[in-house]
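Taken verbatim from TrEMBL:
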type     : residues : note
COMPBIAS : 563-576  : compositional bias 'Acidic residues'
COMPBIAS : 696-708  : compositional bias 'Acidic residues'
DOMAIN   : 489-680  : domain 'STAS'
REGION   : 547-577  : region 'Disordered'
REGION   : 689-708  : region 'Disordered'
TRANSMEM : 142-169  : transmembrane segment
TRANSMEM : 220-238  : transmembrane segment
TRANSMEM : 302-327  : transmembrane segment
TRANSMEM : 339-363  : transmembrane segment
TRANSMEM : 375-396  : transmembrane segment
TRANSMEM : 403-420  : transmembrane segment
TRANSMEM : 440-465  : transmembrane segment
């Protein structure tokens, strides 16, 4: 027998015994003494917030310069080779492309909308060439303005700590969103793989239009381009499988992307594929950097809506990929830091006529899959791009576009593997499956911007649905323990005679308060309204019988003086009743007298309802009114209602909403379900003792004949 089994047996055989009083809310808090919490003056809080300490300065530096945190902890022997291979591979992929394809389409859509072709281009000859140059220059200005404005928005959101919205991007939403983004990237790569020319599409249903455009031009596909891309595709797939299978024996993964680029460039240059077979290649890469220029702020009012959408989509894609890698490699992600980083890059980059940046799915996956460990891989990729721009761009002019598209598509494999989430969520949670599917479908067909908004709204609606349609359970006791669990789930569980325990696993608020009261009567089988209606019917029947068997009419006539005397006696009795101290019994109506019992229909013999609030984290004013109504409704038919295991927050909510306006209501609150059960049993035992006790003897008075 191993140690695990021994420990399990030891734990199962251990027992504990606790002797303590039955704790109602007043009894428990009568033994407790609250700590005196003195809040600091506002001046001290402001002073503490503004004072500079070494810790605050260090945290600010880490927020804006995270390299100061990870670089000192860098492990060269473990990381340097992987970062080097990853940086080179990722940098090569950056050569012919701009940033994330979806962001490119969004900015391109803005540029085409504000600067259409017919605005500058028309006719032919030199005028047409000049018009094209003017059009392109104006579109660059539009892109710069969008980039600057989106960067300012992202930076401000980061400073204002808006990164908390990342918590609403649940794992099913993130995985559905990134899968849809992968499909967008995949469709944008098809035309390069097949070597066909198609029109660019953006906006809703752009993925459909792009796919249909490729299919419509499939007869014009370039066979040589497809062969080159397919060979590269097969090389990468086989090589990655080889790397995965022998990763423990290889000193480092084979840099397949670099190999594919070198082989593709060599074959293209050696056989002159561009001239001989019309294969699309990277082409000439302009050398040098453009001079800084100020973006045109007069365009802000035309592009601010698009800038907001681009800022949100850029952040969402970045934080989504960051979360995926954080889960895989075991680290935390700060959404505010990501927003600030994106904002600074876009704001400063726009001055140098750069594009709005985001996280590229394909290149991020390439960087991770080729062994990248730290941001040093990204720095190396940036240096490679800078080197190409300044000096060696001509070496990659013959690189076929089909090779790059094959590299991108192969590295999207990890994203497409997320379709395997569907059977998992089908087995575990239909709600999370709904979030995944709606996020994927909306992001795929409406575009990532509108799709993301739709997905977040649907995710929030599922939260409302979960709280509006919670699980209601009737609990019973596991014999000889203080454990109470679902009576429908386990055979060993038993209910206490006359006691019903009802549990909800959600807050009680305006959206589910009516459902809660209905479920209470339905699940427990005790409907106070029906019991009251039956008793009212009994009262009418009893009153009718008394009317037929009553005294003669003459005996009913009363003298005004006697009537006045009886009225005074009733008033005195009412005053005495009001003068009595309020008790818990005053909340529950006594049952009908014995002569009425024979008229009552048979029903559940329940004397106590216990509402388990252990899983209720808050209750609003509507919920408090509902619980108050339950207390009164069941109290009117002689049934006590106890509240058990209320958290401090729930007690505070009840207090704020005047639930304890009648002080004796606090006697209905118990520390746990078991306390409430024992309290109900003690109350019933005392009531039975009082019922069996002989009535007190009264002094007999002589009967006086009124005629004497």
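Note that Cβ sites are derived from N, Cα and C of the backbone, with glycine treated the same way.
A contact links the transmembrane segment (339-363) to the transmembrane segment (302-327), because at least 3 Cβ pairs that are 6 or more residues apart lie under 8 A. Sequence-distant contacts of the transmembrane segment (403-420) (same chain, six or more residues past either end, CB-CB distance under 8 Å): 93, 96-97, 175-176, 178-179, 181-182, 185-186, 189-190, 192-193, 228-230, 232-233, 236-237, 240, 257, 260-261, 264-265, 282, 361-363, 365-366, 369. Among residues of the same chain six or more beyond the transmembrane segment (220-238), those with a C-beta under 8 A of the stretch's C-beta atoms are 192-197, 256-257, 259-260, 263-264, 267-268, 273, 277-280, 400-403, 405-407, 409-410. Long-range contacts of the transmembrane segment (440-465) within the same chain, counting only residues at least 6 positions beyond its ends with a Cβ under 8 Å from a Cβ of the stretch, are 102, 106, 168-170, 173, 176-177, 179-181, 183-184, 202-208, 309-310, 312-313, 316-317, 431, 434, 511. For the domain 'STAS' (489-680), the model's average pLDDT works out to 78.
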